[in-house]
Structures are given as structure tokens and as C-alpha cells.
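Annotation source TrEMBL lists active site at 227. For 131, 197, the entry in TrEMBL reads NAD(+) binding site. The domain 'Aspartate/homoserine dehydrogenase NAD-binding' annotation in TrEMBL covers 8-128. Residues or ranges marked as domain 'Aspartate dehydrogenase' in TrEMBL: 174-261.
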Ligand SMILES: NC(=O)C1=CN([C@@H]2O[C@H](COP(=O)(O)OP(=O)(O)OC[C@H]3O[C@@H](n4cnc5c(N)ncnc54)[C@H](OP(=O)(O)O)[C@@H]3O)[C@@H](O)[C@H]2O)C=CC1
Ligand SMILES: O=C([O-])CC(=O)C(=O)O
């Protein structure tokens, strides 16, 4: 029986809990939530909806008591700031960590620190596919030699509200698709921390942060978040396009991201891993 820890009490955490409620073959041993100080009420509300998932459920507002529960697996579902604040300590404590805010690893110093912490703590840093697909084929094809890896993220204008795109476009007045970013996955992940984590996942699976090309588009003609991945390699060429329904809690996030995190938990308890 798994002791599960989750950092964050927003849309992805909520999707993870509902997916686990539907799919876990047996209850968790315990479920611990780490929230920001002052956000305990939101944490309790999230846990209240996960009644059948674990008999022992606790909300913490500091890392130390959270880690004292010795979770077998911790899911970061909170954002780049949370990766910077907690990931190294979680891994050093020997706790396996699933990071969904993959774009935080565009900072090479942080990426190095997390790799070292995982090694020294005897823990694993797990990067889920999140809202994108094709990561399995890309990561496998890398060994054959990659010729091109590019990612295009298209979202409705409201998904770009509160980001740098707001200063580059009149988001409310768009009548046709507008590209507002073209560049490396490193710059995309850094400049759009709530919208370009999948660009970082593609980069880490394939050609790296600097060689992976990214285009970001605000499109008033779509209702779903579209992710397009184009790969050319010596072994296989492919183009994949996903249309993700936005999370009700956060239009920047595709619902599929939370299900992908839940899958990492299910693979920890299932006799067959897929
Ligand atoms: N890999 C992928 O495909 C994707 C990755 N993401 C990543 O996932 C993150 C979460 O997405 P989503 O759930 O939709 O976002 P939400 O804004 O719905 O939820 C984020 C939650 O995390 C909390 N939080 C933020 N910082 C901390 C912290 N330092 N300690 C504890 N809690 C914290 C927030 O609290 P508060 O309200 O107090 O800020 C909020 O409850 C995104 O920011 C992004 O980095 C998102 C989409 C796809
Ligand atoms: O959920 C999505 O559509 C993708 C996303 O926000 C991200 O990669 O950060």
C-alpha cells in the first residue's frame, strides 16, 4: 500500500485525485498534501472529496512535517516555484518525485542539483508526459539520431491571459491566430512557466532545450489546447497533434496533464507497467 504525497491543491491535484479514485485497485495507505501557509482550507476541501482514497489524510503547510510522513512517492502539482522550493529536499530525503512543472528544469543549475539530489538520496525524479504525447517514440528514437524536433502550442486567447503574451498581443481583440513566440524550448519554458512545460518535456526526451524549436500561438478559433509535435529522426518520422480539453480550474492547463500524473501512480502499484 502506497503512502502518497502531493504538493499543490489546484486543478492538476484535483484531476489526479479523481483519476485515482476511479482507477486505484486498493486504497492508499496515506495521503498527505503540502499547501502554502494560509491555504490549508483549500487543502482540506480537496481531501474531503477524496474520502475513499485513504483512511489517513493530512494537510501540511511546511515541508518538514510533510516529509516526516515518509511518502513513497511525491507528486509536484504546483508550479515552477514549488520545484525550486521543494524538489531537491524531497529527493535528498530519498522520496521518489514526479515533477509536472518540467519547465523548471530549463534552469541548468537546478536541473544539475536535482540530478545530484536524486543520486545521493537514492531516489528517482520522474517526468511524466503531461499534456503531450509521443514522448515514448521520441525518447526511443533519440539513440538513432534526431534531425528535427519542433513543438507548436496553440491555445485559446484566455489561456494566455496573465502571461508575457498579454504584452505582445491584444488577446481580447484577436480575430485570427497569432504567433507570439518562436524560439528554443529553453526560452519558451522560462518565459511561459504555466504554458510551456510540455516544450521542456519534449526537449528532455529528445534534442535538448536549445535544439528543440517551439512556436506558441493564441488562436481565437479554437476551444481546446492543441499540441503538435513534429519529429524527424534516422529511425522514425512522426507528427502528432493532440486536442486537450482545458481544465475547469485553470484554462492554461489541459485536463490530460493530471491524468498523465495519475498514471505514474497507477504504474507504481500495478503488476504490469504500461
Ligand atoms: N507537464 C505538463 O503537461 C503541464 C504542467 N503544468 C504545470 O503544473 C502546474 C500546476 O498546474 P494547475 O494545477 O493547473 O495549476 P493551479 O493554479 O490550478 O494549481 C496550482 C496549485 O499549486 C499551489 N502552489 C503553487 N506554489 C506552491 C508552493 N510553493 N507550495 C505549495 N503549493 C503551491 C497553488 O496554490 P496558490 O493558489 O496558493 O498559488 C495551487 O493550489 C503549472 O503551474 C505548471 O507548472 C501545467 C500544465 C501542463
Ligand atoms: O496543459 C497544457 O496544455 C500544457 C501546459 O500548460 C504546459 O505545458 O505547461
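Just so you know, glycine gets a Cβ as well, placed from its N, Cα and C.
Since the structure is predicted, the reported quantities are computational estimates derived from the model, not experimental observations.
For the pair residue 227 (active site) and residue 131 (NAD(+) binding site), the C-alpha distance works out to 8 angstrom. Mean pLDDT of the predicted structure over the domain 'Aspartate dehydrogenase' (174-261): 98. Neighbours of residue 227 (active site), defined as other CB atoms within 10 A of its CB across all chains, total 25.
Around the Cβ of residue 131 (NAD(+) binding site), the number of neighbouring Cβ atoms within 10 Å comes to 25. Shown for the domain 'Aspartate/homoserine dehydrogenase NAD-binding' (8-128): DSSP residue counts in helix, strand and coil, namely 63 helix, 24 strand, 34 coil.
If you take the C-beta of residue 197 (NAD(+) binding site) and look for same-chain residues 6 or more apart in sequence within under 8 angstroms, you find 100, 101, 102, 103, 130, 131, 189. Across the domain 'Aspartate dehydrogenase' (174-261), DSSP helix (H, G, I), strand (E, B) and coil residues number 23 helix, 32 strand, 33 coil.
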